[in-house]
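S.K.: The structure follows.
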Amino acid sequence: MINAAVLGACGRMGSLIIENITCSTDMQLVAAFDIGNIGKDAGEFAHVGNLGIQISDVKDLETVLKKTQADVLIDFTAAGATIVNAPIAAGCGVNLIIGTTGITSEQRAVIEEAIRKNQVRAVISPNYSVGVNVFFKIVREAAKYLADYDIEIIEAHHNQKKDAPSGTALRAADVISEALGGKEYVYGREGIAPRGKEIGIHAVRGGDITGDHTVLFVGNSERVEIHHMAHSRQIFAKGAVRAAEWICGQEPGIYSMDDVLGL
C-alpha cells in the first residue's frame with residue numbers, strides 16, 4: 001500500500017485529490033497539509049466523511065512526513081510554496097507529484113536539483129489530464145506537417161487563476177517549438193504588431209471556466225483547430241493519483257505524464 005500525503009488539502013484541487021485517494025485500492029492517505037484548518041479532519045473538505053487524518057500545519061512538513069512514513073507527496077499549490085516544500089520532501093526521501101503551475105525556470109532548476117541530489121522520483125506536469133496529454137501529442141504531430149502555417153494558442157480559465165498564460169498553454173507552445181526546431185513566443189498583441197514566424201499565446205480569464213485550450217494552425221485558405229475542454233477538475237485529480245501510483249515503481253528520476261501514460 002502506497003502512503004500518500006497531500007499539500008493544500010483544503011483547497012479545490014487538494015480536496016479532490018484526497019477524494020480520489022480514498023477510491024484507490026493501492027494507496028492510502030497518511031498526511032494532509034495546509035496553512036489553515038489545522039487539526040480538522042481532511043475528509044471534511046473532501047466530503048468523504050471522517051478519515052482520521054488531521055490537517056497538519058505545512059510548517060511541520062518534514063516532521064509529519066517522517067512520522068507517517070509517506071511514500072509520495074502530491075502538490076498542487078503555488079509556486080512560492082512548492083519551491084520551499086518540494087526540496088523538504090525530497091530531503092525526507094519522499095517522491096513527488098507536482099502539478100503547480102507558474103513555476104519559473106529558475107525555481108524548477110532548484111526543485112530538480114533537490115530531486116536528483118536525494119535520489120527520489122518525481123512527476124512534474126502542468127496538466128495531469130489524460131486528454132490534454134493526448135492533445136499535446138496530436139499538436140506535436142500536426143506541427144510537423146503545418147510548419148509554414150501561422151500558429152496561435154488561446155487558453156481560457158476561471159477568474160481566480162493566478163498565473164497567465166497557463167502552464168498547459170506554455171507546454172503546448174514548447175511542444176510545437178520542439179517539433180519545429182525553436183520558435184519565438186509572443187504574448188498577446190497590442191498596437192502596431194506585424195506578425196512574424198512566432199507562436200502567439202493568448203489568455204482569457206472569466207467566470208468558472210475549468211480550462212479550455214485551442215491551438216490554431218492558420219493558412220491562407222484553411223484553418224486547423226485542435227481543442228481541448230476540461231469540464232471538471234476531477235480529470236486533474238484522477239491523473240495525479242494515477243501518476244502517484246505509477247511513480248513509486250520507477251527508478252529515481254524526473255518524469256512527465258508522457259511517461260506515466262506511455263505516450
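Just so you know, glycine gets a Cβ as well, placed from its N, Cα and C.
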S.K.: With Gly8, Ala9, Cys10, Gly11, Arg12, Met13, Gly99, Thr100, Thr101, Ser125, Pro126, Asn127, Tyr128 listed by Swiss-Prot as binding NAD(+), identify the candidate in Asp34, Asp41, Asp150 belonging to that site.
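M.R.: Checking Asp34, Asp41, Asp150 against Swiss-Prot: the NAD(+) site match is Asp34.
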S.K.: Out of the recorded positions listed (His157, Lys161, Gly167, Thr168), which are within 10 Å of Asn127 (NAD(+) binding site), Cα to Cα?
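M.R.: Near Asn127 (NAD(+) binding site) by Cα: Gly167, Thr168.
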S.K.: Among the recorded positions His157, His158, Lys161, which ones place their C-alpha within 10 angstroms of the C-alpha of Ser125 (NAD(+) binding site)?
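M.R.: Among His157, His158, Lys161, not one has a Cα sitting within 10 Å of that of Ser125 (NAD(+) binding site).
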S.K.: Which of the recorded positions His157, His158, Lys161 has its Cα closest in space to the Cα of Thr100 (NAD(+) binding site)?
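M.R.: Going through His157, His158, Lys161 one by one, the closest to Thr100 (NAD(+) binding site) is Lys161.
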